[in-house]
Amino acid sequence: MHTWLCYADVICCVLFFLAIVGYVAVGIVAWTHGDPRKVIYPTDSQGQFCGQKGTKNENKPFLFYFNIVKCASPLVLLEFQCPTPQICVKQCPDRYLTFLNAHNSHDFEYYKQFCMPSFQNNKGVAEVLRDGDCPAVIIPSKPLFQRCFPAIHTNRGVLMVGNETTYEDGHGTRKNITELVEGAKRANMVLEARELAMQIFEDYTVSWYWIVIGLVIAMVLSLLFIILLRFLAGIMVWVMIVMVVLVLGYGIFHCYMEYSRLRGQAGSDVSLVDLGFQTDLRVYLHLRQTWMAFMIILSILEVVIILLLIFLRKRILIAIALIKEASRAVGHVMCSMLYPLVTFFLLCLCIAYWASTAVFLSTSNVAVYKIFDDTSCPLSGKTCNPETFPSVNESRQCPNGRCQFAFYGGESTYHRALLGLQIFNVFMFFWLANFVLALGQVTLAGAFASYYWAMHKPDDMPAFPLFSAFSRALRYHTGSLAFGSLILAIVQIIRVVLEYLDQRLKAAQNKFAKFLMVCLKCCFWCLEKFIKFLNRNAYIMIAIYGTNFCTSARNAFFLLMRNIIRVAVLDKVTDFLFLLGKLLIVGSVGILAFFFFTHRIRIVQDTALPLNYYWVPILTVIIGSYMIAHGFFSVYGMCVDTLFLCFCEDLERNDGSLERPYFMSPELRDILLSSQAGKQEEVEEE
């Protein structure tokens, strides 16, 4: 067993490189067969792109649906294509017309541009509508993402399209247009979401400059905070704690003032349940209940933090000593603060390769044509050839059938393997992303371990500790990193499959299946968290001793179990302090962004931005600030974890004598050992 574990890393290293070669081959094949235009541009019933240069529809950028009501059919969810004729047009209809009224009138020339390109005016009205050569009715529409959607509005509570409330069908019967509108409304369900997306995109185009400035401010604050920790760790930690309490206190005060200001205003007492979901989130800020909810959440968070500070006050002193030691280590390896940029760059490469490969794989299908028939036809849904369909037997069995473009697919071996290739693409993304993160952890752990195990700091340290650790990780530990990231990737891909199955089972009424699915998701979530924790400490042991992954994971696990009290007290208290630091930076930048984007403050004249939703740039700044702060504090977190494991190992290997002296600094030794002696005295007294 031990011999197998010794070769496990080597085997995994070989598999990792073979998988990368296969991943590159999959990308090349996908790029050869794929066509991203199928995602960007709409296609007509013949599979031709609308508005693409070099095609017959070059001057027709918009897609027009003959009967958009049918787009609400469940068939759309199965085949991603509306079961109605579609053509590319120069412009969307801007008026209401029926084929019956337009026929033999001066409006017919305008109407013909919405008929099939092969339409010849040599049939009767009933034959034209039966053969699907022209739509029965056109209604005023607006283009959205190069598709024509009905311009629906209300007039005194009545649904209307244009100025009409009735229309004539193909048989001359006058019908209420509300029926058509209701169907179009169902087909238009995604329209509001798309409009919301467009408004959010507009907000980004207007505010991106100030968002970047906000993120730069967050980066400067994070860097300044880290530099001050280097020299004033104790003071900065206490300042950070006080500032977090004050920021939360101000948030509670602001929520109370807004709650009081809305007292007596019309409509402010409407409950959130009665209001329901609104796409314009600014509506919620005019409700007293919203500010009451914010105030309660912030108050609970404030009380929890204060109670933790009271009960952990002694532990915080020990954690400050560990942070001071980490500050000295970071001070001797200052380039480690820039390493998260390397990790970020490599992760961006992984994401870009995965996303582009996924797009090319999903668009590498060929055009598939199927028989569409509104009546009960046994051949409906079967594949067909549009060129030969009128003369073959299928057209006689389905006289009302149409052979039109359905979706992009294929029957070849490559097309049948597309699903497997997509799964392989996702799996390789998880494996590579976890490998990049593992490489960063081993590199930082190796650099900080070289500081700890140097007897005479910093004279005994390597000249370039970070570069030395990075080269050692790639040269000697690639297999170990691949092994650890492979285990994590397998668990993550299982979680993805469980999420997919959960979505498929949501409509099921089997309560046992739902319960089992919830249990499985919970178990694998816990398993992923445990593996991440174990991998992180295993990588530290790899950086210290250079052992294989399994040996390092086992040694790290038992070392932590032998020092479980220290793990709970020191390691987690420092994590809590770092979390407060992130909250301080995010809260400060978030408050500044809130006052700026809500026009409470103006840096210069005429900086009021015409935003649809001011929460869009505010949330972007807050999330971006947290990611930036997390990147800087992750270096400190890795340093603290490395020094902590080194400290535990130092205590077990050495006793402080001349023959086996401690490698820890005198300051760290005094406060940690004195706290341990105090605990032993308390136990003896009890």
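Just so it is clear, glycine is given a Cβ too, placed from its N, Cα and C backbone atoms.
These come from TrEMBL:
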TRANSMEM  7-31  transmembrane segment
TRANSMEM  208-228  transmembrane segment
TRANSMEM  235-253  transmembrane segment
TRANSMEM  291-312  transmembrane segment
TRANSMEM  333-355  transmembrane segment
TRANSMEM  428-453  transmembrane segment
TRANSMEM  474-498  transmembrane segment
TRANSMEM  539-561  transmembrane segment
TRANSMEM  576-599  transmembrane segment
TRANSMEM  611-633  transmembrane segment
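Beyond the ends of the transmembrane segment (428-453), by six or more residues, the same chain brings 16, 19-20, 23, 326, 328-330, 332-333, 336, 339-340, 342-343, 346-347, 350-351, 353-354, 461-462, 465-466, 468-470, 472-474, 477, 481-482, 484-486, 488-489, 492-493, 535-536, 539-540, 542-544, 635, 638-639, 641-643, 646-647, 650, 663-664 to within a C-beta distance below 8 angstroms of the stretch. Counting Cβ pairs under 8 Å that are 6 or more residues apart, the transmembrane segment (611-633) and the transmembrane segment (7-31) reach fewer than 3 and are not in contact. Where the transmembrane segment (576-599) meets the stretches 7-31, 291-312, 474-498, 539-561, the count of C-beta pairs under 8 angstroms peaks at 291-312.
Of the ranges 7-31, 208-228, 333-355, the one with the most Cβ pairs under 8 Å to the transmembrane segment (539-561) is 7-31.
Same-chain residues lying 6 or more positions outside the transmembrane segment (7-31) and placing a CB less than 8 Å from one of its CB atoms are 353, 356-357, 360-361, 364, 414, 421, 424-425, 428, 431-432, 435, 477-480, 482-483, 486, 548-550. Listed by sequence, the residues of this chain that lie at least six past the ends of the transmembrane segment (291-312) yet keep a Cβ under 8 A from its Cβ atoms are 241, 244-245, 248-249, 251-252, 255-256, 258-259, 262, 272, 285, 573, 576, 580.
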